[in-house]
Amino acid sequence: MTMSMLRRRSEFFGLLDTVCSPKTDTMKTDVLRRASAPNPGMGAGTGLSHETQQLTPSEEYLQTLLQMKITSSDQFDNLEKHTQSGIEFVERYTKFVKERSEIEINYAKQIKNLSKKYQPKKNSKEEEENKYTSCRAFLSTLNELNDYAGQHEVIAENLTSQIITELLRYLTELKAERKSHFHDGRKAQQHIECSWKQLESSKRRFERDCKEADRAQQYFERMDADINVTKADVEKARQQAQMRHQMAADSKSEYSNFLTKFNQEQNEHYYTLIPNIFQKLQEMEERRIERVGVSMKTYAEVDREVLPIVGKCLDGMTKAAESIEPKTDSKQVVESYKSGFEPPGDVEFEDYGPGQSMKRTVSETSLSNSRGEAKERPSGGKSKGKLWPFIKNKNKGSGPEDFSHLPPEQRRKKLQAKIDDLNKDIQKEMDQKDALTKMKGVYEKNPQMGDPASVDPRLVEMAMNIEKLQSEVQKFEGWLAEVEGRLPSKSDPPRRQSGLYETQNSNSSTVANNCAQDRESPDGSYTEEQSSETQVKVAIANTPEFDDEFDDGDEETLPTIGTCKAIYQFEGHNEGTISVTEGELLYVIEEDKGDGWTRVRRNEEEEGYVPTSYVEVLLETNAKDS
């Protein structure tokens, strides 16, 4: 019987070694089922309940151990699954916010591209139409839309910085904390299981020693009662029994110590360690849930923060729409296309009698003036040909410099705008010239700061630019005076340098005879809009200064009097000048006559003036002597 029990104990130890392995799940279920379910052979027919079933010692120990694991380890498994699910939820929410941020960025980008696409291009028809209130309102709407898109970029940035980045960092901390807690729980579980194994081992050893002591005592008593046994054998049996009793007493003491230690550790395990770990896991889970709630609140606040600015953008769009004024736009159209023409006069009645041929009387204001009828008019008469609003103007494009292809009112506006632009350019050049003059004065007072002579070429160039611009202003003012009907007469004070208008007035009759046939429009109507310009040009052609200065066809090629080398680069933009590059060799054909300019030639067909300070002149000996 003793050997049989020992064999069952050894089988139990083998079973105990595999109790924590994955293969024991089925065994656990079977043991628990056997412990709780009624025995099929002892059912209602026998009148015995399952409470009367007896478990083997190994099954009793396994049942106790499984109860311990169910109490703690299985709860750790459930908590591990739950907390892992919570981490996955945070990761899923973070991914959701990240995708929302990407949508906001793409939406803002598309809105900005849309706004940019419909912005008016420079020097285009759309830019010219900005004078209308509806076009300006649309431009304001596009600008507000661009700001509106910027707010969606702000949303994306705030979602990334306030939610996504924070949650990613928190997830890293959460995973580390969760891992630490479960590590502590498994460590505590392993420790209590190890203590339980030590207790059971000491208990089995105590049980074995007690039985051995009983057998030794019985053996001693048999030997002592047997008269055939020697006294030495009896003494030996007595000593063996005492030794076994002492071993049983030691095992008892060891078992008692292990039992006390296990009870203390078990109490600490179930009442201190495990509750603390569970409490930490609970607090960790609560912080996770709270953090998700804060992130969801921030998600709403990010949108709410931009609502005031978005509202201002929408208010700006509404204000732009309310600023549209149809009457103002229609007046702008009238002002833009107002021609200044007078309505046509009545057509005279032309009688047709016997033997008489019909002769058309050309009306100066007729809509049907033809090219032929215009040529039949007497040269002495001076008509006022017009381009009527219902006759298609075929003269499209940029037109002549004096804008004579436009109706009087439009021509006046264009000329006035051109004069204003030229005056701005003159003022700009004069401001730059004043600045350089002051700089030159500073250099003269403080030579160490710079060479005053280095500023002279630029001052000369600016002076020429100003003179050219002023000449352009005078030319356009003359054309403007024609349109406004206030051409200067002899009694008027001189407004310009040249005496072209005096020559024009003195030769007015000749010019009128030469310009009797006015220019005609392509559709057959004729106009006299450039007659004054023709008079000016004829007057210029009749002046002796014009013959002396511009009749180059009769001039002979000037001889070369020396050479020069360009020491600076000069861009000859003005008429009569020539561009040179630094280090270029040129031929000198006319010396500086005190005006700061030297006339040079590059080849037989290319010559002009350059600033004398820009070149180093080497005159020939004969030229110097002369």
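Indices start at 1 and increase along the chain as displayed.
Glycine too: its Cβ is placed from the backbone N, Cα and C atoms.
Residues annotated as coiled coil in TrEMBL: 412-439.
The compositional bias 'Polar residues' annotation in TrEMBL covers 358-371 (among others).
What TrEMBL records for 485-495 is compositional bias 'Basic and acidic residues'.
As annotated by TrEMBL, compositional bias 'Polar residues' applies to 500-516 (among others).
Feature annotation from TrEMBL assigns domain 'F-BAR' to 59-329.
The annotation domain 'REM-1' is assigned in TrEMBL to 405-482.
Under the heading domain 'SH3', TrEMBL lists 559-620. Averaged over the domain 'SH3' (559-620), the predicted model has a pLDDT of 86.
Per TrEMBL, the feature region 'Disordered' maps to 338-412 (among others).
According to TrEMBL, the feature region 'Disordered' maps to 485-536 (among others).
DSSP labels the residues of the domain 'SH3' (559-620) in these numbers: 3 helix, 29 strand, 30 coil. Beyond the coiled coil (412-439), the same-chain residues lying 6 or more positions past its ends with a Cβ under 8 Å from any Cβ of the stretch are 340, 402-403, 406, 450, 455, 458-459, 462-463, 465-466, 469-470, 472-473, 476-477, 479-480, 483-484.
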